[in-house]
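Asks: Provided herewith is a single structure, encoded as structure tokens, for subsequent inquiry.
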Amino acid sequence: MQTLKVELGERSYPIHIGEGLLDQPELLTPHIVGRQVAIVSNTTVAPLYLERLTQTLAGYNVLPIVLPDGEAFKNWETLQTIFDGLLTARHDRRTTVIALGGGVIGDMAGFAAACYQRGVNFIQIPTTLLSQVDSSVGGKTGINHPLGKNMVGAFYQPSVVLIDTTSLNTLPERELSAGLAEVIKYGLICDEPFLTWLEEHVDALRGLDQAALTVAIERSCAAKALVVGADERESGVRATLNLGHTFGHAIETHMGYGVWLHGEAVAAGTVMALEMSSRLGWISTQDRDRGIRLFQRAGLPVVPPQDMTEDNFLEHMAIDKKVIDGRLRLVLLRQMGEAVITDDYPKEVLQATLVADYRALVDQLRG
């Protein structure tokens, strides 16, 4: 087992990474404040791991709250289901809410914990690669709004993140690839040697090699923990973690939540960010193509939806958390391994990026 730490003063917390951690109560019980525990999961994950976690928490008053699975249910109505369960079971301010699932469950359970009786204890047990390397670390919680993704939420840190890497053995191939999009992101924005490592090990990662997965998760979490410790509320450097997300969120919103997985949209969105960085002269076309090839090898889409127009993108991108005083800030690459957030770019470069023929670009790479 490896343990990392998110350094936030009195609110610092550990990230435990390893095999079989779901069966080790000593990793959880020090972070549970009372006798009441609510496990929030979904209809896919609960049949696989809920009973196991309940046994690990023997002696506690465990309330299971099982939600429908999917991004389409990351909304106010589903959030109310969590509140209904907590109130009906008379859970008090010393309850602990545990998120057992992927990013959707973690975001909603965390937001519920932040709101319930003005804040109760919260634990993250992420079961997908995407949630293990990204959404479970850093305290971002929330729900989607019909007009924009993750537009309603709060920063609310967990007391511990428990990453049992064996949970990936039941993860569908498409979900695994979606998680790799966020892993690749870390190499692009802050760790070029990690990007090289990923190029060498992407096949092993897709083959669920436990040693390779552990390395990828550790390096991703270490990168995110460092950034969150420096900028918890995304007022500066933390925004660079959103490489590809402005374009990607526009894709998710336009297509309908859940049609494209988050990681799939991030991959296509990151290709657009690479293209724009190249058009600005910040990275070479060879570096752009290097990123595209890695996303392809990870089994991810690298072409945005064909029916999305420039106006579609601009409409959705205007409703983005990085918009300040009406100016759209974008995360781009100054070079491989170095990201910046900026609103200082020619409008025509953004327009050219939005209308670029990505399918022709990919076909050229194949040739």
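Each residue, glycine too, has its Cβ placed from N, Cα and C.
Heads up, here are the entries from Swiss-Prot:
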| type | residues | note |
| --- | --- | --- |
| BINDING | 69-74, 103-107, 127-128, K140, K149 | NAD(+) binding site |
| BINDING | E182, H245, H262 | Zn(2+) binding site |
Asks: Would you mind reading off the Cα separation of T128 (NAD(+) binding site) from H262 (Zn(2+) binding site), to the nearest angstrom?
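Replies: Between the alpha carbons of T128 (NAD(+) binding site) and H262 (Zn(2+) binding site) there are 12 Å.
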Asks: Excluding E182, H245, H262, please set out which residues of the same chain place their CB within 8 Å of the center of the CB atoms of the Zn(2+) site, keeping sequence order.
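Replies: Apart from E182, H245, H262, the close residues are L130, D134, A181, K185, G244, G248, G263, A265, V266.
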Asks: Counting only residues 6+ away in sequence within the same chain, which have a CB under 8 Å from the CB of G103 (NAD(+) binding site)?
Replies: P126, T128, L130, S131, D134, S135, S136, H262
Asks: How would DSSP class H245 (Zn(2+) binding site) in three states?
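Replies: SS state of H245 (Zn(2+) binding site) = helix.
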Asks: Report the same-chain neighbours of E71 (NAD(+) binding site): residues 6+ apart in sequence with Cβ closer than 8 Å to its Cβ, ordered by sequence.
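Replies: Within the chain, E71 (NAD(+) binding site) has Cβ neighbours under 8 Å at V104, N144, E252, Y257, G258, L261, H262.
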Asks: Counting other Cβ atoms within 10 Å, pick out the least crowded of the binding-site residues D69, D107, E182.
Replies: D69
Asks: Look up H262 (Zn(2+) binding site) in the DSSP assignment and report helix, strand or coil.
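Replies: It is helical.
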Asks: When DSSP states are folded down to helix, strand and coil, where does D69 (NAD(+) binding site) land?
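Replies: Coil, per DSSP.
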Asks: Rounded to the nearest Å, what's the C-alpha distance separating I105 (NAD(+) binding site) and H245 (Zn(2+) binding site)? Just drop the number here, would you?
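Replies: Each residue's Cα considered, I105 (NAD(+) binding site) and H245 (Zn(2+) binding site) end up 19 Å apart.
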Asks: Including all protein chains displayed, how many Cβ atoms other than that of F73 (NAD(+) binding site) lie within 10 Å of its Cβ?
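Replies: That number is 21.
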Asks: In angstrom units, rounded to an integer, how far apart are the Cα atoms of E182 (Zn(2+) binding site) and D107 (NAD(+) binding site)?
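Replies: Checking the Cα atoms of E182 (Zn(2+) binding site) and D107 (NAD(+) binding site) gives a distance of 16 Å.
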